[in-house]
Ligand SMILES: Cc1cc2nc3c(=O)[nH]c(=O)nc-3n(C[C@H](O)[C@H](O)[C@H](O)COP(=O)(O)O)c2cc1C
């Protein structure tokens, strides 16, 4: 029915077919008009790679490091809430695919499988993404659980103090697990494989929260929880507090402005992720790839810079590296693979990106991803004016 999988878009089409609509839509959407969501990908199209010929490109390597860890390519799996609703035990499937491939997996605070469940099902340390809640006791507890599970890095997300609105989530009545409405039941009836898988696991709601946050024994509404619990007072002082509780590697995620990058670089974190949350938060914000070069120019000597938002191919990864990112994260690219084919689909997404990155690098005349830079682009995008 679908033909061979040759690109991420093929995985997306399959995911749309296999995943219940409310969860597929949850992934494939941006805030409000979706202008930033769509521009994240469009902006990559505006960047052109220099095509070089007659260079010996026989021995190529896309291996590099992220915060001192060896990685098979400059790609990590981004934290994605409700991953376990795209596919039964989705976080475990994705973490296993990542560990086999040799790239980091980041578990979201809003995951379905808990920190402990993922730790038990994997053999290598993963990264844990933290949302800061008003209840600082609960935050401390989450940090302690991540430490106890042997997590290698804490990825602190800064761009979700309040939740950006995605129309589809409201219209679909997004909840985990789905509420038994007529609409939801009709949708599930068309996805028997998904339903069977869900019947076979006990991981069906927010594993890090339900039964751990004081008083939360049952929680179906993500937006209800975020509205009441996410901390809008989170500021740079709170980040110092988190640093004092977490003595391991720290990555600050969600920087999309030069001035914020300059402040973040002074915090003493190990890396920052230039990101606009995949266009899910501030609709109308700049595409993150347009902000990457100015941020690298401002603070690239002071802190390791990672990038996400809009990556759908190895060519996109190459462009981000050429603009100065040390590495990247992918969100939807692997989530579509997961929804399409579980662990094998995540592995497929990683294989596709790896192959595209390797061939792109070769055709650009390079053999070592660590030596790719602005010289590989036709022209450096104009510096973005900041403070205007
Ligand atoms: C469905 C979905 C859920 C997400 N949930 C989280 C989350 O729980 N925590 C977080 O820090 N980022 C979250 N993100 C943002 C991703 O970590 C990442 O920044 C984004 O997906 C990158 O854009 P891309 O999907 O275009 O690759 C989510 C993204 C998606 C698509």
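Here the Cβ of each residue, glycine as well, is placed from N, Cα and C on the backbone.
Marked as domain 'FMN hydroxy acid dehydrogenase' by TrEMBL: 1-382.
Sequence annotations record features per position, and here TrEMBL assigns glyoxylate binding site to 26, 131, 166, 277, 280. Cβ neighbours of residue 166 (glyoxylate binding site) (same chain, under 8 Å, six or more residues apart in sequence): 26, 29, 30, 31, 32, 280.
DSSP gives residue 81 (FMN binding site) a coil state; it is part of no helix or strand. Per TrEMBL, FMN binding site is recorded for 79-81, 108, 129, 157, 253, 275, 308-312, 331-332.
Neighbour list (residue 277 (glyoxylate binding site), Cβ cut-off 8 Å, at least 6 residues apart, same chain): 157, 159, 160, 164, 254, 309. Positions annotated as active site, proton acceptor by TrEMBL: 277.
With a 10 A radius on its CB, residue 312 (FMN binding site) counts 22 other CB atoms from all the protein chains. The binding-site residues near ligand 1, defined by a Cβ under 6 Å from one of its atoms, are 79, 81, 129, 277, chosen from 79, 81, 129, 166, 277. Once Cβ contacts within 10 Å are tallied over all protein chains shown, the binding-site residues 81, 310 are led by 310. If you take the C-beta of residue 131 (glyoxylate binding site) and look for same-chain residues 6 or more apart in sequence within under 8 angstroms, you find 109, 110, 157, 160, 230.
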